[in-house]
């Protein structure tokens, strides 16, 4: 694995308008080379494979129905007006009822949808496995992603700046709380199980620290590749953003870029074509995964066409900026608006830190030694501060995305998660 360190200068980035002085010939040459780079592997893949993964291009709703599980679609309104689409699998194919079991809320990570808990299929994906154990499974889609791009008053396109004015903080205090309240009211339980991956963990920590009354509504929180501290992230892209954040923020504002990585049907189709087991280009797809979350021999490359069905699914630039601020400040803190705005919003010149001691819900935490985003040192700093950690497991060779798509995920992880959920169902 290569690690790039040092400072990056955004001024070194060149655009086509800076090349205009060279004339039409230069632009044509650049365009031709670019097309060759893009099209060559595409053409090779087309001629070497016509195989399509059986779950490529499929959505959460479709995969639930495809495998014969019951499906309910719920629209949940947040306190600030977002309309979130949450899916429910009330029981498994072999169960007639889930009334005796606590509900389980599954929350995905950054630019992902609820599909991440389903797209390995029955017997492998956690959503299906929990349903087959008789649990009432609820699958969240947080604001700004493919199935939760609606609002009572704002349009995601016409009011893009206002709609995408959120980070994981708002996801935590509005989206997660709205889901919890809705599910408990609907099921007549006073507690539920919570499972979060990556951003699904930091949103939970944010909620529990700022609205501690929600700790009492959690039977057990399961944190997969948890995120709170991020200053030891080993990713050159994060390093680039870290050393150029003010310039990038100004550039985004100038060009009115408020949404990042929205869902693309074209990308989903290309993922099906280029990332399957019989495509020579699959290695490029896998390389992107390794670049983002760390290399792992455990990653299930066969699942790539199913993964790209809905990922990336969209987020906000503010979300990215908040993560980069955490990397710069080396703190788990609220969004930094600058001295003037901080003083108005928080009453202090610097953003307040989240009080981890307020996170009193029982937490079972699972982290990996090959994770470039949720690094061992960052996670263990969090572990030292959590007041009610009931279980922790370090999986030495797991990377960030192995916690959803490892080849050995059932014996290494999911069987243990089912075990601990059963244990806390009895308490």
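Every residue, even glycine, has its Cβ placed from backbone N, Cα and C.
Just so you know, TrEMBL annotations are computer predictions that nobody has curated.
Listed ranges 102-120, 121-139, 140-158, 159-177; the one TrEMBL annotates as transmembrane segment is 102-120. A C-beta separation below 8 Å, combined with a sequence spacing of at least six in one chain, links residue 198 (active site, nucleophile) to 109, 110, 224, 225, 226, 227, 373, 374, 400, 403.
Counting every protein chain shown, the number of other Cβ atoms lying within 10 Å of the Cβ of residue 371 (active site, charge relay system) is 27. In three-state terms derived from DSSP, residue 400 (active site, charge relay system) belongs to neither a helical nor a strand segment and is classed as coil.
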